[in-house]
Amino acid sequence: MESRNEAYEGAYNATFWGDFSYHGYGFSEDGSKFCEQIPILVNSFGVWEKLDLPIRGMKIWDYSLPHLESVIVLVLCLWQFFYLSLKKIGLPVPKITSMMIAGAALSQTNLLPNDWTIQHILFPDDTRPKVPETLGGFAFVFYWFIEGVKMDVGMVRKTGTKVIVTGIATVILPIIAANMVFGKLRETGGKYLTGMEYRTILFMQSISAFTGISRLLRDLRINHSEFGRIVISTAMVADGTGFGVNLFALVAWMDWRVSALQGVGIIGYVIFMVWVVRPAMFWVIKRTPQERPVKECFIYIILILAFGGYYFLKEIHMFPAVGPFLLGLCVPHGPPLGSQLVEKFESFNTGILLPLFLFFSMLQIDGPWLANQIGQLRHFDGQLYEALTIIIVVFVAKIIFSMIPALLAKMPLTDSFVMALILSNKGIVELCYFLYGVESNVLHVKSFTIMATMILVSSTISPVLIHYLYDSSKRFISFQKRNLMSLKLGSELKFLVCIHKADHISGMINLLAQSFPLHESTISCYVIHLVELVGLDNPVFISHQMQKAEPGNRSYSNNVLIAFDNFKHYWKSISLELFTCISNPRYMHQEIYSLALDKQASFLMLPFHIIWSLDQTTVVSDDVMRRNANLNVLRQAPCSVGIFVHRQKLLSAQKSSPSFEVCAIFVGGKDDREALALGRQMMRNPNVNLTVLKLIPAKMDGMTTGWDQMLDSAEVKEVLRNNNNTVGQHSFVEYVEETVNDGSDTSTLLLSIANSFDLFVVGRSAGVGTDVVSALSEWTEFDELGVIGDLLVSQDFPRRGSVLVVQQQQNVACR
């Protein structure tokens, strides 16, 4: 017994016990034995550890949790530094590219001396658990699952023939061209790339990964344009074509037993997803009460299935990310399930965990070897030369064969080239595949160094080129005057009405019914229901037939459909069309621009972002995102815009009040003239009594002069001249002039008449720069309403009358 104890203590001496106590592991004196504490030490013993044992005590990042936190902070700060720096100098490099740059920047730190702190943090010894790398792998699986959830497979059914031809050509034809070149390269002595490496590089350069392209379009903010929709549809077709080519290659090049196993495995997995998992998800949605979240247990089951799919495809030797991606495709998009998954996990995964994966992936780049290969390029020799030959051939072929179908479809040359650039861009999808190739021993680390560098170059340069070649804002510039002033009397009046929430429906219907001559057949009304995009990757635009919606049907626009269907049923003479747009609030203005241009609308009505209770004393909803959407519309709308603030108890649209009192406040300027032009249109409704209140400052400083003053006078005279509709001795227009000294007088005057009118119409820029609003502008809370409009909706103002703030069309381009 004593001899055994002596042997034990001889093998494990005092040094070992010091290591074991603090490190959680230790080596015997001769280095032949290793002992580890289970479970491992996660946290340190505190700040006194190094003072207690200065030799044996660990550094704080030697423990798992502090080490993980150190790496997360380092990676976060580094990629944010690159992202913000590049953005500051005008280079719109995507966030994912910045994460890759951060990893590439520190990839050579493994060449530093071992006693450097950065070495201990980024390249720990093999005895320590790789917690950051493990979480990065977790993010890798999660990324593919979330991308599948956000993808709308239904878009494939809506693609046209030209899009399908472009998507197939941009994958198949570059592969054919590259095979021809590679054959010639082999004949002239190419010897560095193996056949499997060549096929892997060729395939990944030829495909157009939908998930990567969709993220690029989001980063460049062009996924909401018509051009963006075409590119997304083309990428979906190209991605499907690439998947088919991959399956064909597996059957042709691999052992038939392996191919059979993979074929049976993937078919069985798809059948299980479509016929078992997806119906189960619909069963979960059916059991979930409307407007309520899905139970957490179902969310966890789906996550387990995602990781199970990953490991299943890994076992049958297929790209494992396809497993969680296919599961994501099976998740019904939108609320409650799809949107809840995206809201719950995407931000954390993309912002915290995914940078770890990209960072550690790029750490594998061998910089010195790559520099040596670059030097060999002048001799037209080396592995880099062979790989670059394939990359350039496929890239050029992909650009050409992507542009030709687009040009034949009469797409502008610049747009065709930009689309080809987008389809040729490489990013996280390709990086994931090459990394999987290294882990599967299909690619050597040297080949991964080349391809990771090429992906980094592509994902850095392509977005910058696309940003400067394609200006999406130009797509929304009108070449004609689309405002009410330029509209001839008797011409068709085209409204575009925006609805954000169900609370806006009755207010907009009441405004239309009470204010405008709906009995005439010269009014067209286009209604767009704007729904926040959650749980989807790309916007959805739906054109509805005006048919009666079925109550109880769970639809995005069910309430809107029912309400406006009844509205059209009563006002049969009006032309009415309804649309639903599911979009990111930051880009909703682009959807509104597109529809306004397409329908040649003259006036666009937006609901105010604040909703009050019925007694007008409490704010029920204050949606900042909707406010930002309104502000974006005002900046570049292709027609005149009105922001409607509903502040009164609603009247029935079918039983109009005998008279509807409207006050048009006029100071001067183009917005006020547009407000008067709107008043002229309202005069065609026999139930409208219009009062034009002209505010004249005691001092004329800042007032319009010259041509603007003539236009102001002409518009007032036009309103009075058209006052020909009378019933007996009743006049429909009353013209009142009031002189005010300052903003205080204006406020007092408007307070005195607040309860006399049902609707106030005012220009957004009314009184700006004059004594009419002096001192009031300092208290303006909502810039989109202007100074007087903001006063009319303030807390101190009586809340009987609604307010319509008008802005005339801002931008008219010259051909």
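The backbone N, Cα and C atoms fix where each Cβ goes, and this holds for glycine too.
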From 198-217, 518-537, 578-597, which range did Swiss-Prot mark with transmembrane segment? 198-217
Region pair the transmembrane segment (450-470) / the transmembrane segment (351-371), three or more CB pairs under 8 Å: yes
How about the transmembrane segment (417-437) and the transmembrane segment (265-285): at least 3 CB pairs under 8 Å, pairs 6 or more apart in sequence, or not? no
Using a Cβ cut-off under 8 Å, which residues of the same chain at least 6 positions beyond either end of the transmembrane segment (136-156) come close to it? 210-211, 214, 232-233, 236-237, 240, 306-307, 310, 320-322, 324-331, 333, 338, 341-342, 345-346, 349-350, 353-354, 356-361, 428, 432, 535-538, 540
Same chain, outside the transmembrane segment (230-250) by at least 6, Cβ under 8 Å from its Cβ: which residues? 155-156, 158-159, 163-164, 166-168, 170-172, 175, 199, 203, 206-210, 213-214, 217, 223, 259, 262-263, 266, 318, 419, 422-423, 538
Candidate ranges 163-183, 198-217, 298-318, 388-408 - greatest C-beta contact count to the transmembrane segment (265-285) (under 8 angstroms): 298-318
Under 8 Å, at least three CB pairs between the transmembrane segment (198-217) and the transmembrane segment (298-318) (pairs 6 or more apart)? no
Surrounding residues of the transmembrane segment (351-371) on its own chain - C-beta under 8 Å, 6+ positions past either end: 71-72, 75-76, 78-79, 96, 99-104, 106-108, 110-111, 122, 132-133, 135-140, 142-143, 384, 428, 431, 435, 438, 445-446, 448-450, 452-453, 456
